[in-house]
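Enquirer: Take a look at this one; I'll ask things after.
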Amino acid sequence: MKEELQAIESEALAAVEKAEDSQALQEMKVKYLGKKGSLTTVLRGMGKLSKEERPIIGELANNVRASITEALDAKTEKLERAALDKQLETETIDVTLPGNPVHVGGRHLLTSIMEEIEDLFIGMGYEVKEGPEVETDYYNFEKLNLPKNHPARDMQDTFFITNELLLRTQTSPVQARTMEAYQGNRPIKMICPGKVYRRDTDDATHSHQFRQIEGLVVDKNITLSDLKGTLDVFAKKMFGKDRKIRLRPSFFPFTEPSVEMDVSCKVCNGEGCSVCKQTGWIEILGGGMVHPRVLEMSGYDSTVYSGFAFGMGQERIAMLKYGVNDIRHFYTNDVRFLSQYHQA
Amino acid sequence: MLVSYNWLRNYVNLDNVTPEELAEKITRSGIEVEGIEYLAPKSENIVVGYVKSCEKHPDADKLNLCQVDVGEESLQIICGAPNVGSGQKVAVAKPGAKLPNGMKIKKVKLRGVESNGMICSLQELGLDEKYIPVDVAEGIFVFPEDAEVGVPVQELLNLDDAILDLDVLANRPDALSMLGVAYEVAAILNQPMELPDENLTVDESIEAKDYIDVKIDSIENNPYYGAFIIRDVEIKPAPLWMRNYLMASGIRPINNVVDITNFVLLEYGQPLHAFDYDQFGSKQVVIRQGKVNETMVTLDDQERQLNENNLVITNGKEPVALAGVMGGADSEVTDETTNLLLEAAYFNSASVRHTVKQTGLRSESSTRFEKGVDPNRVKRAGIRACSLLQKYANGKIAGGVVEVDELDKSEKSVTVTTAKINQRLGMELDEKDVTSVLSRLQFEFSKNGEEIIVQVPTRRLDISIFEDILEEVIRIYGYDHLPYTIPQGWVQAGGLTDIQLLQREIKNYLSSAGLMETLTYSLTNEKDAKRFLTPDIEEKPAYSVGLAMPMSEEHSHLRLSLIPEMLRVLQHNVARTQTDLAYYEIGKVFISREEEITNQPIENLHVAGALTGLWHNHPWQQEKKPVDFYVAKGIVEGLFAHLELNVTFVQTKMEDMHPGRCAEIRLNGKGIGYVGQVHPLTAKDFDVKETYVFEIDLESVFAVHQLTPSFTDIPRYPSVTRDIAFILDNDIPAGDVQAVIKEIGAPLVKEVSIFDVYQGEHMEEGKKSVAYRLLYQDPSRTLKDDEVDASYQEIIEKVNNQFGSYVRS
Ligand SMILES: [Zn+2]
């Protein structure tokens, strides 16, 4: 019997190896392992065996069954895989054809710049304050140490609505409103971004509407060095860690002393080029120590509190950072301009 | 302010500082130098020549043949200038010379006659035509007789000068004078200063008070008036050096008297005015406010209408000058003038500003009065002018000055301490660092213990408090010495408010949804300002806010809607063949509820979108989907789904919108916006094609929105769906039925969606089929079939009853 079983095994394995489709394999399964298959037929003769032989032959028979089953399964899988491969081959497409276009939107470049600046100062503990764009003369000028008839009012050509109402020329009234709201009894760390308006004819460098962002810090013992350090952090974040800053004296009615901040030109690295008009420096923003009268007018005791303020045009920052050459691009909203800078 | 480097050298030693270095130092210390201009690039071989003879060219009427002595040699030069003549001293460019305009001088033959050089005009030497005296503008320049033959003209004409253009801000009117700049430069360079000569020899035989009297009726606008009398002046050109400095400073020389008043104006920053005494019309100067209906003719021959806000100088009868702004034509100094009345006065800046604004006359004089002049320099400027008139116009100076003087000339004092300065700067300066700056600025000070009491000279009108001295100390000591620190002490968590975060979230959503953000102008034209109003604005009378004096009609009124300017953006792009566009904007609209505005308008933040062209385009697969109502609505629905707010859409009509394709957006039953197609006629107005827009009042959204969503457990039990198709009359909105299904099915029906709409063939006339899918779910258990069936039947019955519909089998 042992020989018979071994013969069945080798015959079956050879047949499976030769099988070419799943139907042939099915037939072989019946032929060798089925109820009437050759293995079953051989095993029917087990009864004739001795008690000692029976378990040996039984084990052998199981092994032969397992071996044939395994071969059948392996061959089945192989044939199926071949069939699948053949089918997939027919499904080949031209991957070089263009894909389904996705409509890409995005933020306006100025929004991206504004949010970048906001996030930088939020990280340093500033809150973000906003205020009305139609302001009163009182908050836009008088509260900022610009009484009526002050010669410096000429610096800002104003769109008046009535004698008392106007389109704000700066975001500083938000500072005045915040100081007033805090009633002189708590420190302040804030920035105020927003639209402002001036009587300028629109050209490559002027726009009757533009955006500013201003900052204000008020506390006991705020120093001019604090302003310098803060602006240095800002400049390095916005324009690169290798940039240097310098302060120059300037004049704004609501700060004393007042400064302009220049950043070293990144085009020429301070050597002088056409971008920086050969000076090696580019004017970025203005600031200074809050004028004691401005503090006092909003209820802050200027002998106890001091503060610094700074302000900049967002368009100017964007133009310098991205090399935009005409401020009107921001307001024309040509899709070919906007999509250069999109960022969701 | 144009500052001549060579002129400045008269007051401060500039030997060790080039114009460029000086400009840099001035800029770093407080006054921005906007540019440096050299009068003429270095030109050699141009010297003073003496025209020995001048006769007509034998073959050309308009040319002259001149023999010119240039020192070592004599040159034959052909000259075409009409004013050339023998005996003149002229500028000769010798062969080999190169003129500033690049022209090289060579020996040439003109009509057969040799010409060995060129006699030059001031233009040819590089001076700006508009500053050249009228008498030599049309021809060559003629030197005074004492010019030395053979000397290079470069220095003689100040052509080697560098002009620094200072941007003087409102706080530093002192720098509108050469002396003021000299004080500044002396402090920066730590150099001593040389003051101008104010020495005067008066003619004892004449007394000013015998010739003139001064009366001021408006002392608050004119606290000082000094009248000087100068007799027997000889009108002629001013000395060459003075003319040179004037031209370098952008002022055209006229004659010695006018030039001297201009020179002193620039030198002292104090405007002066010279009247022709004999044409003045009386022996009395009366300064008063103008009268209504009074007129006068100013120097520019314009008749000026006066009023009571104008301060005027009169001869007691009629106005002869607009105080501080411009003189009158009648008393102008001319070639015939022999006797002068010289005015040195202090006019109040507000008064001068008023007249300047009214007349539009802005001059070197008015600018200085407007910004404020030094009270202690008014009279001294008059004396300085007299001294120059004596020297250069041979004038006899009358003794005494007739003056009315109620001017406050006292100096302010400001007390500082080094400790307080250090506290504000964040530095550790020594007291001598502070006092050395004060000395360099020539501020006098005294000490009282820790206190430094600073006497502020009246030339520095900008200094009155501690912070002003602080600024002087640090700007002269140098901002570069400031350390870099960050505010210490008080700390708060920075951040955005919920509303600010929500705006960013809306931008994230709309950008991701494929829309590009625009930024348009808040100011639009009057008509467009009032179009496309959202329902919340329209519920009460709304007025747009107009500017008092707009710059143009296109930007005259504040917008009540973002849409019109966005349509303009579409138009701009469409005109540039960009046809498929999807834009959004977040910005304020300005709502006034008053017809005549007195209060600040309401400022509401809006979000709006505008879409046109193809929404989807995949050409080789022939997939093209134009923007339609449902694209726009889908974006709005997605936005509110993103914000977790339920809104409803109700058919509505708006003036500028397609009458059948516009929905009002409602939040909690209140209209907060709209979405729909722009009316084809309006679209035509804006020159755009089929366009869909939406606009939503965000203030209404902020009022109800919760930024932090509350947690809802993910359903653990299976849901069951059921579909129903109702046959409805065409005019029944599918959304109304949807809402009713949801209402009846609550709480088991969680969602109702529409998955099929059919109209047309096989459908009864005037009917449509709308198929709804209902999602049943209970968070706490598995639903039984019979309870779902019961609900389903109830819904069918009630919908049919309410809408007269039936179920499609
Ligand atoms: Zn550069």
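Glycine residues also receive a Cβ, built from the backbone N, Cα and C atoms like all the rest.
Residues or ranges marked as domain 'TRNA-binding' in TrEMBL: B:40-154. As annotated by TrEMBL, domain 'B5' applies to B:409-484. The Mg(2+) binding site feature in TrEMBL is assigned to B:D462, B:D468, B:E471, B:E472. What TrEMBL lists as domain 'FDX-ACB' is B:715-808.
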Enquirer: Please average pLDDT over the domain 'TRNA-binding' (B:40-154) for the predicted structure.
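Expert: Across the domain 'TRNA-binding' (B:40-154), the average pLDDT comes out at 86.
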Enquirer: These are the binding-site residues: B:D468, B:E471, B:E472. Which one scores highest on other Cβ atoms within 10 Å?
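Expert: Ranked by Cβ atoms within 10 Å, first place goes to B:E472.
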Enquirer: When the domain 'FDX-ACB' (B:715-808) is classified with DSSP, how many of its residues are helical, how many are strand and how many are coil?
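Expert: Per-class counts: 31 helix, 32 strand, 31 coil.
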Enquirer: Hey, does DSSP put B:E472 (Mg(2+) binding site) in a helix, a strand, or just coil?
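Expert: Helix, per DSSP.
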Enquirer: Measure the Cβ-based neighbour count of B:D462 (Mg(2+) binding site), defined as the other Cβ atoms within 10 Å of its Cβ.
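Expert: The answer is 18.
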Enquirer: What kind of secondary structure is B:D462 (Mg(2+) binding site) part of, going by DSSP in three states?
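Expert: B:D462 (Mg(2+) binding site) sits in coil per DSSP, no helix or strand.
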Enquirer: What are the helix, strand and coil residue counts for the domain 'B5' (B:409-484) according to DSSP?
Expert: 33 helix, 17 strand, 26 coil
